[in-house]
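As recorded in Swiss-Prot, the features of this protein are as follows:
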SIGNAL    1-19  signal peptide
DISULFID  Cys44-Cys265  disulfide bond
BINDING   His110, His113, Asp120, His211  Zn(2+) 1 binding site
BINDING   Asp147, His150  Zn(2+) 2 binding site
DISULFID  Cys187-Cys235  disulfide bond
DISULFID  Cys216-Cys223  disulfide bond
REGION    225-274  region 'Disordered'
Amino acid sequence: MKKTAIALLAWFVSSASLAATPWQKITHPVPGAAQSIGSFANGCIIGADTLPVQSDNYQVMRTDQRRYFGHPDLVMFIQRLSHQAQQRGLGTVLIGDMGMPAGGRFNGGHASHQTGLDVDIFLQLPKTRWSQAQLLRPQALDLVSRDGKHVVPSRWSSDIASLIKLAAQDNDVTRIFVNPAIKQQLCLDAGSDRDWLRKVRPWFQHRAHMHVRLRCPADSLECEDQPLPPPGDGCGAELQSWFEPPKPGTTKPEKKTPPPLPPSCQALLDEHVL
């Protein structure tokens, strides 16, 4: 009985945490010229494009979640990157979450992906295209060792490194988030061509995918860009700090109440949802 109660409590907590946000009630892009508004973790988008789910160069995972919307620049980036990967014989690029039709906050799994400028891409490059069943329930390939200190050699490949490098060399890309162990391996393998490593940033989790972020489009006047990453390849003390044990007394940060929406995003919600 006690176990059942605990299980039910866990289910209720999980269900509450995954309660739908107002943004999920918007099922189609908001008409208008493409405008990314606000910050990556507190914003929205007008005039989002839909990434075509049929392509010779990429495949879209979990299409039932309808998270394949983004700024036209993001759609073009995905098409550009996957074409380059195909030309180099790397394999099929697997596209994960982009954003919802009007952007905005997800009910779980992402703090960002709100302005149509973020995309998750699996760090797998299958030579044979995945079936629809595989795409709907994708199996992530964990590239990082259990202790988090290095990649698993049998799962790492130069093709994966090439895909990340291709993305980082794209002029529209400002950041790529990967696990610290993946960044470390890229640093070891890079050789003398290292400028692109500046954009590759170590971050929690991200053991099986990279999270690519584009710069704010020049004509999205209400879009808030992040500062550029620090100069250098990011392979020194900053990276090594990720592998050090937590300092005594360190606790996980408490979840914060979401900040107020940018006025244009609130107006969008008021018109289309509330």
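Heads up, the Cβ atoms here are built off N, Cα and C, so glycines get one too.
Locations of recorded Swiss-Prot features on the structure.
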residue	record	Cβ contacts under 8 Å, 6 or more apart
Cys44	disulfide bond	Trp23, Ile37, Gly38, Ala102, Gly103, Gly104, Gln114, Thr115, Leu261, Pro262, Ser264, Cys265, Leu268, Leu269
His110	Zn(2+) 1 binding site	Asp97, Asp118
His113	Zn(2+) 1 binding site	Phe40, Arg67, Asp97, Met98, Gly99, Gly103, Phe106
Asp147	Zn(2+) 2 binding site	none
His150	Zn(2+) 2 binding site	Val144, Ala181, Gln184, Gln185
Cys187	disulfide bond	Leu197, Asp233, Gly234, Cys235, Leu239
His211	Zn(2+) 1 binding site	Ser112, Asp118, Val119, Asp120, Ile176, Phe177, Val178, Trp203
Cys216	disulfide bond	Ser36, Leu117, Cys223, Glu224, Asp225
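Its Cβ taken as reference, Cys223 (disulfide bond) is surrounded by 23 other Cβ atoms within 10 Å in the chains shown. The recorded positions under consideration are Asp120, Cys235, Cys265. Their Cβ neighbour counts within 10 Å are lowest for Cys235. When secondary structure is read from DSSP and collapsed to three states, His110 (Zn(2+) 1 binding site) falls in the coil class.
When DSSP labels each residue, the region 'Disordered' (225-274) comes out as 15 helix, 0 strand, 35 coil, counted as helix, strand and coil in that order.
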